[in-house]
């Protein structure tokens with residue numbers, strides 16, 4: 001590239017390029033010859049590399065001419081900008097290091113999840129009533145079963161019985177009670193908050209006048225029965241007449257339905273205990289938080305009247321039922337983290353147009369500090385890290401941390417006096433509780449030993465670790481100056497005031513902070529400190545401190561405005577919080593750089609920034625949805641725990657119940673929650689009362705367990721064990737089977753009692769005396785219709801092992817079915833062989849399907865509309881932000 005320095009003209013460039021190319025090829029050839037003599041083994045490789053190099057140089061010379069001129073211009077421009085961007089780059093580096101440290105710290109917390117995923121999960125929690133019910137709730141369905149003759153051959157006729165829709169037992173577990181617990185859990189998930197039959201009604205295909213039935217399953221059942229050849233004519237005529245009956249004056253409609261009596265009881269209960277309530281404008285008006293309704297900065301309007309059919313479901317906003325802030329450090333940390341991330345997303349941004357120009361402010365600060373005449377390194381640090389991004393980050397962090405009650409930790413350099421002076425403002429306006437104790441002590445100690453004690457010529461404070469008093473509390477007793485002691489007294493007593501507003505515990509700020517008057521108190525203390533002689537320190541040290549105080553005191557008006565702005569935004573967003581704001585120090589903390597506090601203090605302008613009404617409504621809706629879902633999931637968990645207790649599954653299922661509860665809250669990483677907190681959560685949950693609807697549903701299941709067992713193809717109601725083989729009996733539902741339909745003449749033992757007492761002696765004695773014994777209780781069975789396996793495997797051995805090991809819960813008898821559908825039926829028939837078994841399965845006949853008994857008329861409202869987002873009816877706007885009014889009827893920002 002040396003030819004450029006000799007002033008090559010643009011038109012001569014192609015010729016120059018050719019000549020240079022030739023020279024370079026010659027030179028490179030010489031080099032290759034030398035290398036060949038030195039290193040013969042690598043000759044080919046070296047040639048290839050050099051030829052590639054020559055080609056690449058040729059391309060660079062041809063194409064790079066004008067690019068280099070452009071790059072030179074860019075270098076000149078960037079050299080001018082580098083000095084401006086240097087502070088921003090340093091800040092970015094600091095931020096990166098901070099994020100890395102934060103991630104490392106968070107990985108030690110069991111329930112941590114990435115920020116974006118938590119925010120998405122919170123916003124995705126929607127009221128369950130938003131999904132419409134398109135079918136009635138059903139456990140049973142009618143099914144056609146064949147009829148077998150006395151010799152085991154299938155007839156052409158069929159018979160209808162009620163069978164289970166989902167006949168599934170828990171995998172790998174032979175306890176039927178788990179089936180009922182899972183069934184109850186499924187009902188709780190599917191239990192509708194309201195039913196509108198008009199939404200699910202479908203056309204009855206066999207109707208004479210296009211009538212409708214209640215849902216698609218009823219229609220398909222009617223269709224199957226209508227087409228069955230054995231159906232009576234009167235039933236077909238009845239199906240043809242099935243249709244809805246409307247009573248428009250009462251807003252009522254009746255629909256015909258085909259339901260098992262138990263399913264009918266469930267759906268009748270759902271219809272009679274709907275959670276929907278009438279909705280009108282007054283309810284929507286009262287739904288908006290009162291402080292936002294009364295805020296003069298927001299204009300709210302409702303332009304439409306709601307119809308009489310409007311309905312809504314009142315959110316379940318009960319408070320502190322589990323007290324997760326008390327002794328649930330890991331869970332509480334996750335809740336506060338998710339609340340913090342949500343709050344940060346709604347705190348308004350301080351954009352560059354709302355802040356003072358960073359460049360102009362740094363220039364002004366340099367003039368105030370007389371930096372051109374400086375010889376002291378410490379004062380150049382005053383300007384480090386000041387930028388608009390840091391100011392905005394600090395503003396959002398402070399408000400979001402207070403809204404979520406997240407503990408903050410302070411990061412600072414002791415030699416940066418400007419940071420410490422900004423920290424004095426921070427400690428003045430933010431209550432002490434918000435900071436990690438160790439971090440607060442370190443910051444206070446730095447302020448005392450760097451600024452306060454040197455000003456009065458006092459010796460350095462030697463603070464003892466673990467001292468119940470903070471450095472400021474010790475200093476308050478030792479400093480004689482009234483203004484400084486008064487300021488220290490305010491900070492030492494700066495706590496949140498707990499106030500219950502609209503039934504929610506709020507953490508409110510001191511009135512002196514809300515109106516900004518405390519800043520005058522801070523300035524008086526700072527002025528007193530700057531007037532002191534610093535007798536034990538050099539003159540340069542005194543000058544540095546005084547100039548730092550001067551920089552802050554020059555912005556007295558802006559600091560008052562900033563404090564008022566901070567308080568207003570905090571209180572306005574706090575009105576949208578629905579869960580009690582419990583204050584407990586969190587396991588992890590939010591890092592706050594004191595340089596970012598300096599940025600905020602120095603760059604705050606006179607523009608008022610308040611949350612938009614849409615942001616407030618969004619924040620309120622997310623909080624309501626999470627809180628309501630939280631309470632509903634508590635109700636579910638309490639109901640399941642009670643059910644497990646009554647089904648004698650209490651010890652077995654407890655941890656999985658609590659895990660399911662946490663999973664349904666969406667924000668927890670359940671596998672990483674410590675076991676001690678799981679069991680503590682179980683203890684809290686079991687102390688709560690069961691919600692009425694959930695208790696009634698469980699009682700319905702409990703009363704009808706026998707009917708459900710009868711309808712299952714996998715659950716037996718007992719087993720009969722004999723020492724000698726018993727013949728298989730004929731049954732018209734199955735053919736030849738080892739089924740007993742009643743227990744007449746058998747000695748009976750309850751399986752529950754057997755499991756509880758563990759006394760197997762009675763069974764053994766009865767079997768040895770050749771007396772069959774019936775073990776009564778629900779247990780699963782398997783079906784095996786192969787005669788070969790029947791010969792090969794005597795099922796008595798199954799029970800011999802169980803009696804030996806004393807494990808009734810592994811009992812799983814085999815049901816043998818031999819009929820014309822079986823593979824080996826003709827083998828049995830031809831040889832006239834009568835199969836036998838040492839066991840019989842006790843099972844009652846499932847309930848026959850009777851059309852007349854299964855036809856029910858269900859009644860619901862003809863029509864209503866459920867609205868889940870009540871705030872969508874409210875149109876909202878803000879007044880001119882510059883005139884925004886605070887609680888004391890004065891402008892938030894007075895400094896113009």
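Every residue gets a Cβ built from N, Cα and C, even glycine.
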Range among 375-395, 438-458, 459-479, 480-500 that Swiss-Prot annotates as region 'Hydrophobic': 438-458
Region 'Disordered' according to Swiss-Prot, located in which of 1-54, 109-162: 1-54
Where Swiss-Prot places region 'Hydrophobic' among the ranges 326-346, 347-367, 410-430: 410-430
Same-chain residues at least 6 apart in sequence whose Cβ lies under 8 Å from residue 855 (site 'Interaction with the intermediate capsid protein VP6'): 238, 256, 257, 258
Counts by DSSP class (helix H/G/I, strand E/B, coil) across the region 'Hydrophobic' (410-430): 13 helix, 2 strand, 6 coil
Residue counts (helix, strand, coil, in that order) that DSSP gives for the region 'Hydrophobic' (438-458): 18 helix, 0 strand, 3 coil
Least Cβ-crowded entry, counting other Cβ within 10 Å, from the recorded sites listed as 242, 857: 857
Residue 857 (site 'Interaction with the intermediate capsid protein VP6') and residue 242 (site 'Interaction with the intermediate capsid protein VP6'), Cα-Cα, nearest whole angstrom: 10
Residue 238 (site 'Interaction with the intermediate capsid protein VP6') - helix vs strand vs coil (DSSP): helix
